[in-house]
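Structure first, commentary second.
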Amino acid sequence: MSATTIKPWVVGNWKMNPIHADAQQLISEFKTLLQDSPVEAEKCHLGIAPVTLALTQIQAALSEAVRPVYTVAQDLSRIAGLGAYTGEVSAELLKDSQIDYVLVGHSERRELFADTPSILNEKVKNALQAGLTVIYCVGESLQQRESGQAEQVVLQQICDIAAVVDAEQWQQIVIAYEPIWAIGTGKTASPEDAQTMHAKIREGLSQITAYAVTLPILYGGSVKPENAVELAACPDINGALVGGASLNAASFHQIAQAFANTQ
Ligand code: PGA
């Protein structure tokens, strides 16, 4: 299988947005768009990552969509199971609510909430053991890119989790490459630069896992309808993690169509 035959993923990362009424409206509009202009399930995985508080409500609303749309958690506890851990939500609790997907290592978690490599390893390990699929985010800062360290930083972030991912569990991993300087800034990596990094990531993964050739590598950072077609055309870009543009149903739907149309 060549990287271009990997079924793409388009996942909306809502971050700490929106209020309840707007979320319901957004899902309702997105469901109507999917009904009127289908994005075929065989051509593209779709997911939405709302705030933890809304996971089960959004999941219920999405269950009535014309095709599967996964509900994705934005984070999970580094502690497994149940217990006296105020404010935490474990992998097992997500799984118990039929939430099968989780983001781990988003740069906002790394930078603002001190998610260190060892904490992220605990999160990845727990998620995989509970049977969740992990969308593991990696990416370099502007300073790291300008000093020529981008590739080394990103490959190190991938090597970090290799210690806790068993040979077969790589099938439960999706990588999202999100250069920090492109997140929420309107600046996107050029399709050439993104493709170059994605190819390097796949090459790095091939040293670690036999599943490198089938492992989806998503791009994230100011993905919008205007740049989605070009990004989707790159052979090693197997989808998108979409922040701001996923808060608009029409934009998110257009991005999904751009990736589905590559199949
Ligand atoms: P953005 O966010 O699309 O708003 O740049 C992407 C992300 O942080 O996942």
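Going from the start of the chain as shown, residues are counted 1 onward.
Yeah, the Cβs are placed from backbone N, Cα and C, and that goes for glycine too.
Automatic prediction, not curation, is the source of TrEMBL annotations.
Annotated active site, electrophile per TrEMBL: His106, in sequence order. Around the Cβ of His106 (active site, electrophile), the same chain contributes Asn13, Gln74, Asp75, Cys137, Glu178, each under 8 angstroms and 6 or more positions distant in sequence.
The feature active site, proton acceptor is assigned by TrEMBL to Glu178. Look at Glu178 (active site, proton acceptor): DSSP puts it in coil.
If you look up TrEMBL, you'll see Asn13, Trp14, Lys15, Gly184, Ser222, Gly243, Gly244 marked as substrate binding site. The Cβ neighbour count for Asn13 (substrate binding site), using a 10 Å radius over every protein chain in view, is 27.
Other Cβ atoms within 10 Å of the Cβ of Gly243 (substrate binding site) number 22 in total over all chains.
With all protein chains in the displayed structure included, the most crowded Cβ environment within 10 Å among the binding-site residues Gly184, Gly244 is that of Gly244.
Other than Asn13, Trp14, Lys15, Gly184, Ser222, Gly243, Gly244, the residues of this chain whose Cβ falls within 8 Å of the Cβ centroid of the substrate site are, in sequence order, Ile183, Val242, Ala245, Ser246, Leu247.
Residue pairs drawn from Asn13, Trp14, Lys15, Gly184, Ser222, Gly243, Gly244, the listed substrate binders, are separated by up to 14 Å at the Cα level. In this structure, the binding-site residues that sit close to ligand 1, with a C-beta under 6 angstroms from any of its atoms, are Asn13, Gly243, chosen from Asn13, Trp14, Lys15, Gly243.
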